[in-house]
Amino acid sequence: MTDLLASTLEHLETLVSFDTRNPPRAIAAEGGIFDYLRAQLPGFQVEVIDHGDGAVSLYAVRGTPKYLFNVHLDTVPDSPHWSADPHVMRRTEDRVIGLGVCDIKGAAAALVAAANAGDGDAAFLFSSDEEANDPRCIAAFLARGLPYDAVLVAEPTMSEAVLAHRGISSVLMRFAGRAGHASGKQDPAASALHQAMRWGGKALDHVESLAHARFGGLTGLRFNIGRVDGGIKANMIAPAAELRFGFRPLPSMDVDGLLATFAGFADPAAAHFEETFRGPSLPSGDIARAEERRLAARDVADALDLPIGNAVDFWTEASLFSAGGYTALVYGPGDIAQAHTADEFVTLAQLQRYVESVNRIINGSH
């Protein structure tokens, strides 16, 4: 085991021990994980800001770096299926297991290890609100307009540079009907649940019509009706129904246009339609601008000797940096298939590969 990997594992064990589950959005700026990170970054100018509701950012700079590394420190809640305490990291022959080791405290530990392996220029932005779908930390950073050639956002990409991914939009719909006995002939709009079912059929047909759309190796529109609530009992016409759905567009797709199309499948007089969250695609912008930004990110990956991976379906905050005008890519250790799972793990080989690469970027010739 190399010294870099040993140092990474030491820091990772400590980072895992801090409870940063989100929700409940209870991560504090003082004490805990942020005090630990501050203490591990001697020689850095460190700024910790509490943005409220568990959103805390730590911005650390040494020298005049060209690149910013961004890592979120919050994790999803643990499930009942963990076989041991999720906040006690376990080591096996080829991996470590613990809540957040893959998504994505392993990257944070590696960056701290690399920072302490030399005195090269470096900039880190650690945040605690990525899992909350309320990106206050990134929004506050973008408002400052600090100059960087590129931002490398850590998420599990098998230590390959990801240049493109889907956006995400979440929508709440409410349908209004008229209560009554189910034995009689119904007006088609009487049942709120029937309205929701008809809307779902039209929406699914539209999604199928987009199956052949492509961008950067991605195909089609990802769409999911995640929840439908409503009605009282089988012999009563449902007076109200609520439906929640989400979709993940290609970078080349017009999100506002898609929302208008989905909204148009319902009677506006009987349905409420509200987008509750939107994350842009990576790269952001129209087709021409997105392709220009993708090529710029590819040039950065090539300059840093990072292997380039395929575009991915999952969303990351790299898209927020892209929308804010930065060249951005996603790069981190581990497999996304392990994120959010019981007994989450990352392999030692992945941590080794990542820490060596960021050490080279920080302390090498880049």
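Each residue, glycine too, has its Cβ placed from N, Cα and C.
Quick look at what Swiss-Prot lists:
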type     : residues              : note
BINDING  : HIS72, ASP103, GLU155 : Co(2+) binding site
ACT_SITE : GLU130                : active site, proton donor/acceptor
Could you check what DSSP calls HIS72 (Co(2+) binding site) once collapsed to helix, strand or coil?
strand
Tell me, by DSSP, whether GLU155 (Co(2+) binding site) is helix, strand or coil?
coil
Calculate the distance in Å between the alpha carbons (Cα) of ASP103 (Co(2+) binding site) and the residue listed as 'active site, proton donor/acceptor', and round it to a whole number.
11
Any same-chain residues 6+ apart from GLU130 (active site, proton donor/acceptor) with CB under 8 Å of its CB? Would you list them in sequence order, or say none?
ASN22, HIS72, ASP74, GLU317
Need the DSSP three-state call for ASP103 (Co(2+) binding site) to compare against my parser.
helix
For Co(2+), what surrounds HIS72, ASP103, GLU155 with a Cβ no more than 8 Å from their Cβ centroid?
VAL71, ILE104, ALA107, GLU130, ALA154, PRO156, THR316, GLY332, ALA339
